Structures are given as structure tokens and as C-alpha cells.
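Taken from Swiss-Prot, the feature active site, proton donor/acceptor covers His143. Per Swiss-Prot, the feature active site, schiff-base intermediate with substrate maps to Lys170; the stated evidence is sequence analysis. The annotation 3-dehydroquinate binding site is assigned in Swiss-Prot to Ser21, Glu46, Trp47, Arg48, Arg82, Arg213, Ser232, Gln236.
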Amino acid sequence: MKTVTVKDLVIGTGAPKIIVSLMAKDIARVKSEALAYREADFDILEWRVDHFADLSNVESVMAAAKILRETMPEKPLLFTFRSAKEGGEQAISTEAYIALNRAAIDSGLVDMIDLELFTGDDQVKETVAYAHAHDVKVVMSNHDFHKTPEAEEIIARLRKMQSFDADIPKIALMPQSTSDVLALLAATLEMQEQYADRPIITMSMAKTGVISRLAGEVFGSAATFGAVKKASAPGQISVNDLRTVLTILHQA
């Protein structure tokens, strides 16, 4: 299986990498939170742009991205607009969503973009090609904050992302039972052993799914999300606790 290298970080080998999400409403908060995050122990900084109020002003968005880049130049920067339908803060048109991601790619400030699988097949394929032409990696994602489908459907979605040339397929699902967590873990293992030729990221959310955020190295998930301050999704634990557990499992 091939790995994905972003800056000096190799994703897909060793212990799962820790991603943290920065969610700030304006440039002043972006700056203050970036300074606070700089001291934390994590591997990838995700900027959740859907929390940014001045979204219609591309110059303002990119000015904020520049602050993040300059504050943490060594950290890979993942640019993510999470749509309202997949648990995000704002709803925008597909056209605006694609344009925003293209602007991020053009800026030269971001290392990766998050691209939602169900944006539309043609738009997804075109945006992946555009990102790769500009040396930007793509985390292709799907989130369901209500339920967990059968393992076969989870695998089908991850394989579709891979077929669309995502650098890293990602899926996050809400369990209604412990059995749903097992379905997610079983799907992750089957995908990793039988179909994946690149790193994948999977997680089961909420308290019920916390084990999936810790056991990625066992079942085949290459990264996990932790919290520096406020969690960006239910079930996230602090980066310090997360690093401790990931290290214990890696060294066992």
C-alpha cells in the first residue's frame, strides 16, 4: 500500500496521525487560536472554514489561511468546508463550494483539501484533478451524524472515493449501537486488507464509538481526530490523551 507524504509527515505508516480542527469565526480568532494550537501535540491542522463568518469574501478567507500557514509553517494544513448536510455550520451551493476549494488550491497556502464524496461525481473528479495538478492532496469524505450503514455500504463508499483518485478516503459515522461500531471496524479492516492501495481514515462517533478513534493501527485507519479545545465532532478526546493511547498501542 502506498503512503501519502505531506511536508515531512508520512501518512499510512506507523501510529495513526492526529488531526485537530480549528474552528474560528473571524480573522482575530483564527490568529489567537492558531497561537494556542501551536503548542499542542498533533500532526495535521484542519481549518474548518464552514465556521468562518466572512465566507463570501475570498480575500478574507485566504488572509486567514495565510495566518495559519505563517503561525504553523511546519504543520500540514487541511482546508475543510464541511457542508450543513454532513454536519457543518453553513450551507452553500455546489458551485460556491467548488469555487471555494479551487481558490484554496490556487492560493498555494494549503497542503490538502477535504472534498465531500456526494458533491456530484463530475465536480468531484474535476476538483481532484485540479488539486493534483497544483500538488494539493485530497481527503475525500463522507459523514453521517445519524446512522451507520451496513459494512458493505461503508466499503462501497470508500472504494468509490479510491476510484475517484482521492489520496485519502475518509468516512465518519454515528453508531446507534455497539454493533454499529463493530460494523465500522469490520469494514475498515476488510477495506484495508482487500481493496485499499492508499491510506484510509474511518471513525465511529460519539462515546459509543471512541474505541474506533484509538484502535486505527489495529484495524487500518491511518489518522484520527483529537481536540485541543472544543471538539469538532462527538467523541473526540484531548490530543494529549490520544497521543498516549496511540503510542501505547503502537509499541505493544
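Heads up, the Cβ atoms here are built off N, Cα and C, so glycines get one too.
Swiss-Prot feature annotations superimposed on the structure.
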residue : record                                               : Cβ within 10 Å
Ser21   : 3-dehydroquinate binding site                        : 24
Glu46   : 3-dehydroquinate binding site                        : 22
Trp47   : 3-dehydroquinate binding site                        : 29
Arg48   : 3-dehydroquinate binding site                        : 19
Arg82   : 3-dehydroquinate binding site                        : 23
His143  : active site, proton donor/acceptor                   : 22
Lys170  : active site, schiff-base intermediate with substrate : 27
Arg213  : 3-dehydroquinate binding site                        : 26
Gln236  : 3-dehydroquinate binding site                        : 23
Separation of alpha carbons, Lys170 (active site, schiff-base intermediate with substrate) and Ser21 (3-dehydroquinate binding site) (Å): 15
Neighbouring recorded positions, C-alpha within 10 angstroms of His143 (active site, proton donor/acceptor) - of Glu46, Arg48, Lys170: Lys170
Integer Cα-Cα distance in angstrom, Lys170 (active site, schiff-base intermediate with substrate) to Glu46 (3-dehydroquinate binding site): 14
DSSP state at Gln236 (3-dehydroquinate binding site), helix/strand/coil: coil
DSSP state at Ser21 (3-dehydroquinate binding site), helix/strand/coil: strand
